[in-house]
Every structure is written in structure tokens, then in C-alpha cells.
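Just below is one structure, and these are the notes that go with it.
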Amino acid sequence: MAAEEEDEVEWVVESIAGFLRGPDWSIPILDFVEQKCEVFDDEEESKLTYTEIHQEYKELVEKLLESYLKEIGINEDQFQEACTSPLAKTRTSQAILQPVLAAEDFTIFKAMMVQKNIEMQLQAIRIIQERNGVLPDCLTDGADVVSDLEQEEMKILREVLRKSKEEYDQEEERKRKKQSSEAKMEELPVYTSEAEKMSNSQGDGEHFVQPPSEVKVHFANQSVQPLARKMELLPETSSLTQKGLKIPGLEHASMEGPIANLSALGTEELRQREHYLKQKRDKLLSMRKDTRTKQIQNTEQKGKPTREAEEMTEKPEMTAEEKQTLLKRRLLAEKLKEEVINK
């Protein structure tokens with residue numbers, strides 16, 4: 001008894017599968033899906049239009065199945081049992097039964113319609129490419145334009161950085177020359193003041209500094225050449241301190257002139273450099289923004305007369321409906337491309 005029931009279920013499943021593969025089922029179902037799938041988009045939420053189309057599809061499926069089951073003598077209970085049997089759970093059977101299941105499940109129906117819409121978009125694009133040999137500009141993804149913009153921005157960036165470095169180096173060189181000349185002017189009065197103070201300071205019976213006309217230093221019973229020519233042979237400050245001798249002005253000489261201004265100069269230089277680089281950065285951002293805007297405008301305007309002339313001479317003008325359909329197909333093709341890449 002069980003064997004007979006299994007055989008009956010198997011026969012019902014095979015019979016239904018054969019019907020779903022045949023033209024009596026596939027032709028009206030495919031016609032309906034292809035005509036109605038254009039409005040389905042995976043990004044859109046379920047709209048009232050989707051529900052209405054699903055209801056029409058459900059009525060069509062019920063009509064076709066009812067006509068076939070009545071013709072071969074299969075009742076509704078036998079059909080339900082066949083659909084829930086293990087034979088209908090295989091991958092092949094599920095693929096065949098998908099159009100039937102879509103009539104009862106809106107999620108399956110929507111996924112089926114979106115997939116068919118994408119397939120038709122790709123098919124339309126393929127036909128256009130085969131006919132024209134290349135895709136029109138409206139169907140390209142704009143990758144080349146973006147690449148050109150990026151290359152142009154990099155050229156501008158390198159040029160601005162190069163000019164900024166040259167200007168900064170020139171400015172720093174000018175400052176160094178100015179500071180060097182000022183330092184030389186400051187050294188002369190410092191040395192003169194030190195010589196005068198040393199000539200007035202004597203201690204322990206030793207004359208370290210004599211009148212400017214005969215400037216000599218007596219140290220360790222040795223005569224040294226004039227101070228103006230042999231400044232490096234003067235006694236070190238530490239030795240003078242050990243003898244209890246003080247040379248007014250000499251102990252503060254190391255803190256005067258450009259050496260004392262190093263810390264202040266470093267801070268000021270950093271501040272100026274920061275301000276200078278900020279100005280260049282703002283200038284760079286402005287140039288990049290202007291260039292990007294001009295490139296986009298030129299890209300949009302470029303080739304419009306050429307494309308219009310080619311379309312007028314080589315191809316018949318597209319109707320508004322065809323343009324709208326082509327635009328929708330392009331958007332869905334881009335969506336499919338993104339989904340394939342993300343996977």
C-alpha cells in the first residue's frame with residue numbers, strides 16, 4: 001500500500017515537473033515576468049505596485065495549474081502532497097517549482113522579478129555593445145574620468161609642493177644672510193668694549209691688556225703677538241677665574257649677539273613656517289577644487305556635438321520611452337555589478 005502511494009506521489013511530481021518545463025506553462029509565465037519586472041528594484045521597499053503585480057501573477061499561476069490538473073485528473077490534495085514530498089525538496093525540483101512557490105511567497109516573487117530585471121538589463125547592454133561595437137558614454141561607469149582627475153590633481157600637488165619648497169628655501173636663505181650681516185655688525189663694538197674694559201682692569205701685578213697701539217698679553221713669562229692677530233691665545237676664562245681675576249663684560253659676552261637669540265629665533269622660525277605652509281595648503285585646496293570643477297564640466301560638455309552627429313547619421317533617434325528604458329537598465333546593471341564585486 002505504501003509502495004503504491006509512493007509511486008503515485010512520484011508520478012504526480014514527475015507530471016507536474018514536465019508541465020512546468022513545457023511551453024504551456026513557460027511561455028505565459030515568462031511573458032508576464034518580462035513585461036512586469038521593469039518596475040522591480042532591489043533598493044526599493046515593497047510598494048503597492050509590487051503587491052498588485054504579485055496578485056496578478058498568483059491568479060495566472062492558479063489558472064494555469066488548475067487547467068492542467070483538471071486535464072490529467074490530479075486533485076488539490078494530491079498536488080499538495082506532491083509539493084511537500086521529499087522528491088520535491090531536491091535542488092533541481094526546487095528550481096523547477098520556484099515559479100509556483102513565488103505565487104504564495106511574496107519574498108520569493110520579488111527576488112525572482114528583480115533577478116529577471118537585471119538579466120534583461122544586461123542583455124540589452126550586450127545587444128547595444130554588439131551592434132555599435134562599444135558602449136555609449138551614458139553606460140560607462142566613469143572610471144577613466146575619475147582616474148584622469150586624480151592624475152591631474154597629483155600633478156598640481158607636486159607642482160605646488162615644489163614651488164612651495166623653492167619659495168621657502170629662498171626666504172630662509174634671505175633671512176640667514178640678513179642675520180649673518182647683522183651679527184657681524186654687532187661683533188665689532190663688542191670686541192672694542194671688551195678691550196677697553198680689559199685695559200682698565202688690572203690684578204695681581206700682571207698686565208693682561210695694554211694700550212691698543214701695543215696690545216700684548218703676558219702670560220707665563222711669554223710674549224704673545226698683538227691681540228688683533230692672535231685672539232685665540234688669550235687665557236681661558238676659567239684660568240682667570242681661578243686667579244681671582246674678573247674681566248668686566250667678558251663673562252656676559254657669550255650670551256650676547258646671535259647666540260643668545262637662538263631659542264627665540266627657533267620659535268619664531270617654526271611659527272613662520274607653520275603659517276607659510278598653512279597658506280600653501282589653503283592655496284592647494286582651492287586649486288584642486290577649481291581644477292576638479294573644470295574637469296567635470298569639460299568632461300560633461302566634451303563629445304556632446306560628436307555624439308549627436310553620430311547618432312543623427314548612423315542611428316535613428318531613440319524615442320523618449322526607449323531612453324527611459326535604457327536609463328533604467330543601466331541603473332540596474334550598475335547595481336548588479338556592485339553586488340557581484342561585493343560578493
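Sequential numbering from 1, following the chain as shown.
Every residue gets a Cβ built from N, Cα and C, even glycine.
Under the heading phosphoserine, Swiss-Prot lists SER85 (among others), citing a large-scale study or a structure entry as support. The DSSP secondary structure for SER85 (phosphoserine) is coil.
Among the features that Swiss-Prot reports, phosphoserine is placed at SER147 (among others).
Annotated coiled coil per Swiss-Prot: 147-187, in sequence order. Per-residue pLDDT, averaged across the coiled coil (147-187), gives 76.
The residues of the region 'Disordered' (165-188), classed with DSSP into helix (H, G, I), strand (E, B) and coil, number 24 helix, 0 strand, 0 coil. According to Swiss-Prot, the region 'Disordered' annotation covers 165-188 (among others).
According to Swiss-Prot, the feature phosphoserine maps to SER201 (among others).
The region 'Disordered' annotation in Swiss-Prot covers 279-323 (among others).
Under the heading compositional bias 'Basic and acidic residues', Swiss-Prot lists 279-293 (among others).
The compositional bias 'Basic and acidic residues' annotation in Swiss-Prot covers 301-323 (among others).
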